[in-house]
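Worksheet: the structure to be examined is printed underneath.
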Amino acid sequence: MRGAVLWGTLGTLGLIPVLLAANSPLLGYRGVAYIIGGFAGIICLSILLVQPLLPAGYLPGVTAATGRWLHRWTGTAIVSCVTLHVGGLYITSPPDTLDALFLVSPTPFSVYGVIALWALLITALLVALRRRLPVGLRVWRLLHNALALVAVLATVIHAVQIDGAMEPLSKTILCGAVMLTTLLAFIDLRVIRPLLARRRRSA
Amino acid sequence: MHSPFYNRRSFLVTSGAVLACSALGAAGPAIAQGIAPTQSMRGGSNNYRPGAPLVEKLGNGFFVRGRVLRASDGAALKNVRIQIWAATTLGGEREPANHGSVLTRADGSYELEMEQIVPNFGQPHAHLAYDDRDFRQVFLRPVMPSAADRSVNADFVLVAA
């Protein structure tokens, strides 16, 4: 029962904003590349909602191993969505997209989009090179989580400032929920649990 | 040949020169009555297509308005061509139907009626250009306070080329 409620809540929080955006009148005035690029961004935001929950083992019916496996797939989906997002925007308007990437865009939210982009790319690289990097698992996890935190925070700041296809209220709620799940997992896994473990060891 | 995207450096150089000149000239009486020239805005020239055709209007219900003045004495400039483009309900900024030019009236004012401007790349905004021989080029990108606005205003104060 609790599992159904949790999954239902996550599904609603993640899907409603996408459905509302799909009904935006703005889509009728946009080309295919712009629509695909925009939705890639929106779907990315929705995936970020569950991304930290999967490996943490919080989700009912998902074992730790399955969670980590899913986390890798959703991570791949996030990187693919970001690529589609930037690519779709570039096809729609090369100068606006290059301005954003070179940090000379007049829009205040672009810089956060680029910060999130770099944080994600470095995260992907970190994942790909995990076995070859001369760092231990604990350091690797800390780096991974720190970059993820930057990516999520920057994505949320990026999203809330945009006047676009997303319906404002559902977007704000989704952004709040994304911050909540990210911080929850981070504080629980990297602060509270290590402290408890240390206390148990010293006791 | 005007390259829309890589004119930022030249813009910085010219605006710096304009600032320096006005600082030097501020002491002299010659331009004491001058008004501050309009600076180009970031991203103002994005998706610019030189030579937008002179049009009566580009659509209905939305108005781009403003005035064009001369920096040296503040005089209204008549018959100055202002090029305008924006993302509207007809399509994006690169849609040819969203590009048009108007000439200023005797009082320096201009107005172009077009289709409703819609948010594009995160902000509802218009693009305007002065890009003819007599004055230095200026590219503007005014942002509408609300996407529901039915008009947007952009004034130009031009400096002789």
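Even glycines carry a Cβ here, placed using N, Cα and C.
Predicted automatically and left uncurated, TrEMBL annotations should be read as such.
Taken from TrEMBL as is:
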- A:31-50: transmembrane segment (TRANSMEM)
- A:38-154: domain 'Ferric oxidoreductase' (DOMAIN)
- A:70-91: transmembrane segment (TRANSMEM)
- A:111-130: transmembrane segment (TRANSMEM)
- A:142-162: transmembrane segment (TRANSMEM)
- A:168-192: transmembrane segment (TRANSMEM)
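Same-chain neighbours of the transmembrane segment (A:111-130): 72, 75, 78-79, 82, 86, 100-101, 103, 105, 140, 143-144, 147-148, 150-152, 154-155, 157-158, 161, counting only residues six or more beyond its ends whose CB sits under 8 Å from a CB of the stretch. Assigned with DSSP, the residues of the domain 'Ferric oxidoreductase' (A:38-154) fall into helix, strand and coil as follows: 91 helix, 0 strand, 26 coil. Same-chain residues lying 6 or more positions outside the transmembrane segment (A:168-192) and placing a CB less than 8 Å from one of its CB atoms are 13-14, 16-17, 20, 45-46, 48-53, 56, 58, 141-142, 145, 148-149, 152-153, 155-156, 159-160.
With a threshold of 8 Å between CB atoms, the same-chain residues lying at least 6 positions outside the transmembrane segment (A:142-162) that come near it are 41, 44-45, 48, 51-52, 107-110, 112-113, 115-116, 119-120, 122-123, 126-127, 135, 171-172, 175, 178-179, 182, 186, 189-190.
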